[in-house]
Amino acid sequence: MVKPSLFSANKLASAVVASLLFASAGAQADIATDVATTGWATQNGGTKGGSKAAANNIYTVKNAAELKAALKASVGTNGRIIKISGVIDVSEGNAYTKTADMKARGRLDIPGKTTIVGITNNAEIREGFFYAKENDVIIRNLTIENPWDPEPIWDANDGSAGNWNSEYDGLTIEGANNVWVDHVTFTDGRRTDDQNGTANGRPKQHHDGALDVKNGANYVTISYTAFKSHEKNNLIGSSDSRTTDDGKLKVTIHNSLFENISARAPRVRFGQVHLYNNYHVGSASHSVYPFSYAHGIGKSSKIFSEKNAFEISGISGCTKIAGDYGGSVYRDSGSTLNGTALTCTWSSSIGWTPPYSYTPLNADKVKADVTAKAGAGKIL
């Protein structure tokens with residue numbers, strides 16, 4: 001047998017390395033140019049974001065200034081792709097002292113036809129918050145640390161004992177059509193609620209929501225996303241008085257993790273909301289984020305809960321999963337609570353069925369799937 005020369009071996013090694021680099025780059029390009037394939041975001045013409053962006057409308061950003069510039073740049077009709085590398089501190093190390101200051105410096109408005117994707121496993125937004133108010137937006141493979149309002153407001157009429165309330169969610173989808181949130185992690189992160197102390201006899205809450213959908217937003221899918229360590233998580237529909245939301249707020253949340261989430265996972269008004277293959281884990285006696293309820297059944301809500309897995313210590317029965325907030329219908333099919341079938345007595349006449357194709361896992365397969373795949377850094 002003739003042995004290859006050193007030159008030939010080196011050429012072969014170089015070719016292998018080059019092919020691996022090309023494959024890696026190709027895989028990353030696929031992440032940035034993917035379009036929505038599941039849930040409500042596939043309807044109304046689909047959700048494509050900046051998947052067809054021209055090369056000169058693709059930005060890689062590593063700091064707040066670059067991110068803001070990419071969001072504000074004038075681009076062509078095919079939109080933009082913004083690739084986030086590493087941790088971005090939107091405050092640039094200058095702490096917010098007032099709510100107004102946080103609004104002025106921390107707000108990140110996402111234009112229509114935009115894809116935002118983390119390209120490193122540690123891609124993260126801190127000290128900032130996203131607003132999606134324009135159509136056709138995709139956010140993937142990113143950690144968002146829930147914003148911390150420096151000036152919570154006391155409301156003596158909130159509940160029987162009053163409460164502290166704050167502004168700003170990690171992501172607010174407001175009035176926009178066709179939004180896909182995929183493999184994103186939302187967390188209180190470095191500032192958990194036990195660090196905030198109390199005032200007026202109540203915990204001083206510096207967080208608002210993690211991800212809210214409101215004011216007529218429509219055709220939204222949240223997939224393989226992780227929500228961790230948060231109190232009031234997802235609000236779909238902001239007010240009982242917004243009757244114009246009826247027929248809108250079509251949202252799918254699937255194969256997502258809710259870990260130590262106290263409430264609003266999600267709380268719904270008006271919307272046709274499909275919740276399937278989600279894994280909820282927590283405890284009614286958790287020292288910081290005690291479980292209160294998962295699905296809030298609000299005015300004219302039409303929730304279809306399907307094959308979700310709830311592992312919540314200290315609770316039993318559907319009334320602790322589906323909380324009554326003024327709604328009248330709720331359909332669950334095939335979900336489990338602590339390993340046994342969830343049985344609900346709500347009227348299941350929600351009046352709609354999903355118009356898109358999907359193949360849900362059985363509830364006993366959900367935990368393994370979600371823990372392996374949900375959240376930032378886990379796109380296959």
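Note that Cβ sites are derived from N, Cα and C of the backbone, with glycine treated the same way.
As annotated by Swiss-Prot, signal peptide applies to 1-29, with the evidence given as sequence analysis.
The feature Ca(2+) binding site is assigned by Swiss-Prot to ASP169, ASP208, ASP212. Within 10 Å of the C-beta of ASP212 (Ca(2+) binding site) we count 25 further C-beta atoms, all protein chains included.
If you look up Swiss-Prot, you'll see 189-209 marked as region 'Disordered'.
According to Swiss-Prot, the feature active site maps to ARG264, an assignment based on sequence analysis. On its own chain, ARG264 (active site) has GLY209, LYS232, ASN233, ASN234, LEU235, GLY296 as residues at least 6 apart in sequence with a Cβ closer than 8 Å to its own Cβ. For the recorded site, ARG264 (active site), the DSSP three-state label reads coil.
Shown in sequence order, TYR168, GLY170, LEU171, THR172, GLY209, ALA210, LEU211, LYS232, LEU235 are the same-chain residues outside ASP169, ASP208, ASP212 whose Cβ sits within 8 Å of the Cβ centre of the Ca(2+) site. For the region 'Disordered' (189-209), the DSSP counts in helix, strand and coil order read 3 helix, 4 strand, 14 coil.
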